[in-house]
Structure formats: C-alpha cells, structure tokens
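What follows is a short report on a single structure.
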Amino acid sequence: MRGSDQKILLMVMVVVAVVAAAQGQEETTGFVTWGNNYYQTWGHQALVINKTSELQLTLDKNSGSGFESQLIYGSGYFNVRIKAPQTTSTGVITSFYLISRSSRHDELCFQILGKNGPPYLLNTNMYLYGEGGKDQRFRLWFDPTKDYHSYSFLWNPNQLVFYVDDTPIRVYSKNPDVYYPSVQTMFLMGSVQNGSIIDPKQMPYIAKFQASKIEGCKTEFMGIDKCTDPKFWWNRKQLSSKEKTLYLNARKTYLDYDYCSDRQRYPKVPQECGSYT
C-alpha cells in the first residue's frame, strides 16, 4: 500500500472512531421496545405481546422471572409502566430496578408488594456502594392490579428522584459528606418473584410491563464522567414548584415507613438521611 493510501486509510479509521465515540454520548430517547433493549435473564420465557410494546413475566410454583436491559447508562430518566398481578397476591413482589454490576453496587428499586386487596404498599429501597436497608414504604393511592401506572427514576449528578405517575415520592440529593451514586454505570432490571409464602391456588401470577420511556446517557464508548454533561436535559432537571407540592403531600399522606425514623433498627440516624429533601 502506498504511503498516501495509508494516510487516507488512517484518516478514515480516525473518523470512524470519533463517530463511534460521539454515538456513545448520544442519548437514548423515546419509547424503547422490549426486543430492542431488553432480554430475559432468568425464570420462565417472557411473553412479548402487542407488537413488542408489552412484556409479561410469570410466577408459578416452579419459578418467577426477570429481565434486564442490554444498554448501560451513566445518568438519565428511566420510566416503565407496570400492571401488578391479580388482586389476591399476598407474598408476590413485582420490581423495577436501576442497578450496577459490582460487589459494592448502587441500586434504586421499586417493589410493589402483593396483598389480598387495597391499600397496596410500594416499597422503595436504595443501595449506596453495597450498603442497603434504606427502605421507604408508601401506601399507594390507587390499585396497581387494575391498570398500568408509571414508575420512574431520575438520576443526575445532583439528585435521585423516585416518581409514581409523575408524583415525586422520594428525593436523595448529593451531599459532599456522604456517598452519592456517580461512579458506577447502571442498567435496568425487572422481575416478579415470591417474597414469602404465596397461594398456589392463585397461580400463575402475571406481571405486565409496558414499553418504557428511556432518556439516558449510554456508556458503551465512554466513561461515566461524560454523562454529567449539562447538555442532557435530565442533568439540569430540578423539581418544579408543582412537583415540590406533590412531593410534600405524598410524604405527608402516603408515607408508611421510613428507615431514617426507625430507632429500633437504627439507634443512630444513618448519615445519608440528611441528604433527603
């Protein structure tokens, strides 16, 4: 190959590499279908219906089931719509996670706790660098078995927000004195499983997940630090005055348990509790 041809080839390779890196910084926007971003990880074969816009997970006497995303993220807004299993579902847990792959992992989690009728409880939990036990539980103001409802995470360099149907119910703000999830990439995961003894007469239990809206910073070709760029709208996102009102009302009206107030479990208030707004 002539020297001039080698130079041209090298330039082409550089351009391709730059384009690939730039694509790594592109946000994933809009509704992401199950076939495009998710795959089953355990349990029964998931049933994809409604032209890839809906996924069913099954729990029976043999096993539950779960899925996770193919893509990993460094920040973003992550939403899924869930219809929990039928009314009589004591012991059944339907979950949606944002989680990292590490022995000292970070994790955000929604868990719809099955019961034999309303009011149903929604447990939220966090793991910060492998340390869990940070439960906050809410009485849902609707029946999650009757229709689909939205469950969302906002994750940016300044705060983590848990949303239910556009109502913020839990906010964790960055605090220089405590650990904040900003060094580990995370992926999405969902499951239905038994948390205790369940009624075999009610099996199978079927949890339905509708196509999610993902607006996140993908990290295939770059480090997580690039995902803090304010060019991404979610990194500039703060609670609006309306959201603050909804948040305070949800905490006042529907909060059922807060680990930060549990002196039997934690005689000393956990350090990160000062980071909740």
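Start at 1 and count along the chain as shown; that gives each residue its number.
Just so you know, glycine gets a Cβ as well, placed from its N, Cα and C.
Copied over from Swiss-Prot:
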| type | residues | note |
| --- | --- | --- |
| SIGNAL | 1-24 | signal peptide |
| DOMAIN | 32-209 | domain 'GH16' |
| CARBOHYD | ASN50 | N-linked glycosylation site |
| ACT_SITE | GLU107 | active site, nucleophile |
| BINDING | ASN123, THR124, ASN125, GLY133, LYS134, ASP135, ARG265 | xyloglucan binding site |
| CARBOHYD | ASN194 | N-linked glycosylation site |
| DISULFID | CYS217-CYS227 | disulfide bond |
| DISULFID | CYS260-CYS273 | disulfide bond |
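Among the recorded positions listed (GLU107, ASN194, CYS217, CYS227), GLU107 has its Cα nearest to the Cα of ARG265 (xyloglucan binding site). Between the candidate binding-site residues, LYS134, ARG265, the densest Cβ environment within 10 Å is the one around LYS134. In this structure, ASP135 is the one among the recorded positions GLU107, ASP135 with the smallest number of other Cβ atoms inside 10 Å of its Cβ. Cβ contacts within 10 Å of CYS260 (disulfide bond), excluding its own Cβ and spanning all protein chains shown: 16. Spatial neighbours are here defined as Cα atoms within 10 angstroms of one another, and by that definition the neighbours of CYS260 (disulfide bond) among the recorded positions GLU107, ASN123, THR124, ASN125, LYS134, ASP135 are LYS134, ASP135. Neighbour counts of Cβ atoms within 10 Å were compared across the recorded positions ASN50, ASN123, ASN125; the minimum falls on ASN50. Cβ environment of CYS273 (disulfide bond): CYS260 lie under 8 Å away, each six or more residues apart in the same chain.
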